[in-house]
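Database features, via TrEMBL:
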type	residues	note
DOMAIN	1-101	domain 'Ferritin-like diiron'
BINDING	Glu17, Glu50, His53, Glu94	Fe cation binding site
Amino acid sequence: MLKPEMIEKLNEQMNLELYSSLLYQQMSAWCSYHTFEGAAAFLRRHAQEEMTHMQRLFDYLTDTGNLPRINTVESPFAEYSSLDELFQETYKHEQLITQEN
């Protein structure tokens, strides 16, 4: 049986992975809109990877007899002045995720 503190942390991480997936998907849409198709494809793959992480945490919580909690997810920011700015924000987000773990 998982301790309540661990369940809380796993749920927090699961929701962070979900937000990350949505963020990268939205960034992919921005890239596609601005005809940066290579960057769009890269970010779509990254979004799928983050969703896979979320699903693994969801499944683990379920498999251990706990209830996964999907919280309200903030809408990702979708406007960038350049592709460079978008990837700077991607880097900042990856640093945030690394610090959270």
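Cβ coordinates are placed from backbone N, Cα and C, and glycine is handled just like the others.
Any TrEMBL annotation is an automated prediction that lacks curation.
Features recorded in TrEMBL, as mapped to the structure shown.
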{"residue": "Glu17", "record": "Fe cation binding site", "Cβ neighbours (10 Å)": "21"}
{"residue": "Glu50", "record": "Fe cation binding site", "Cβ neighbours (10 Å)": "21"}
{"residue": "His53", "record": "Fe cation binding site", "Cβ neighbours (10 Å)": "18"}
{"residue": "Glu94", "record": "Fe cation binding site", "Cβ neighbours (10 Å)": "12"}
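In this model, the domain 'Ferritin-like diiron' (1-101) carries an average pLDDT of 96. Residue counts for the domain 'Ferritin-like diiron' (1-101) under DSSP (helix as H, G, I; strand as E, B; rest coil) come to 75 helix, 0 strand, 26 coil.
Other than the site residues Glu17, Glu50, His53, Glu94, same-chain residues with C-beta atoms no more than 8 angstroms from the centre of those residues' C-beta atoms, the Fe cation site, are Leu16, Ser20, Ser21, Glu49, Met54, Ile97.
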